Structure formats: C-alpha cells, structure tokens
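What Swiss-Prot records for Cys6-Cys36, Cys14-Cys33, Cys22-Cys54 is disulfide bond. Annotated domain 'Kazal-like' per Swiss-Prot: 4-54, in sequence order, evidence recorded as sequence analysis. Residues or ranges marked as N-linked glycosylation site by Swiss-Prot on the basis of experimental evidence: Asn43.
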Amino acid sequence: IAIVDCSDYPKPVCSLEYMPLCGSDSKTYSNKCDFCNAFVDSNGTLSLSHFGKC
C-alpha cells in the first residue's frame, strides 16, 4: 500500500513539479501537493492507489 503524508496540507499554491500520483478515484494528480489538497477536500475519503499515472 502506498502512503503519502498529507499532514502539512492544504496549501494555497502548488508547484508545477510533475511527479504523478494515482488516486483511489482513478484520477492522476500531477504531484503530492495536488493530491493532498484533494485528499483534504475529500475529508479523508480519497486514498493513494499507486505512484505514477493511473
């Protein structure tokens, strides 16, 4: 199981760094910041499926 620590999120601005993560919603997030902001918005229901594109 892949785990990402989102304790420092949400952040108002994300970098443009591209390190894709695949969420449990089958959506590819461009980086940890994008994923963690979505995780916070989902009230913890979103999880990381795997590293890399979906």
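Along the chain as shown, residues are numbered 1 onward.
Keep in mind that glycine also has a Cβ here, set from the backbone N, Cα and C atoms.
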Helix, strand or coil for Cys22 (disulfide bond)? Use DSSP.
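Note: Cys22 (disulfide bond) is in a strand by DSSP.
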Which one is it, among the recorded positions Cys14, Cys22, Cys33, Asn43, Cys54, that lies nearest to Cys6 (disulfide bond) by Cα separation?
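For Cys6 (disulfide bond), the closest Cα among Cys14, Cys22, Cys33, Asn43, Cys54 is found at Cys33.
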Across all protein chains in the structure, which of the recorded positions Cys14, Asn43 has the highest Cβ count within 10 Å?
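Within the set of recorded positions, the most crowded position is Cys14.
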Calculate the per-residue pLDDT averaged over the domain 'Kazal-like' (4-54) and state the result as an integer.
96
Can you give me the same-chain residues 6 or more apart in sequence from Cys33 (disulfide bond) with a CB-CB distance under 8 Å?
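Tyr9, Lys11, Cys14, Ser15 - these are the non-local Cβ neighbours of Cys33 (disulfide bond), listed in sequence order.
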Fewest other C-beta atoms within 10 angstroms of its own C-beta: which of the disulfide-bonded residues Cys6, Cys22, Cys54 fits that?
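Relative to the other disulfide-bonded residues in Cys6, Cys22, Cys54, Cys54 has the fewest Cβ atoms within 10 Å.
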Restricting to the same chain and to sequence separations of six or more, state which residues have a Cβ under 8 Å from that of Cys36 (disulfide bond).
Val4, Cys6, Asp8, Tyr9, Pro10, Lys11
To the nearest whole angstrom, what is the C-alpha distance linking Cys54 (disulfide bond) and the residue listed as 'N-linked glycosylation site'?
22
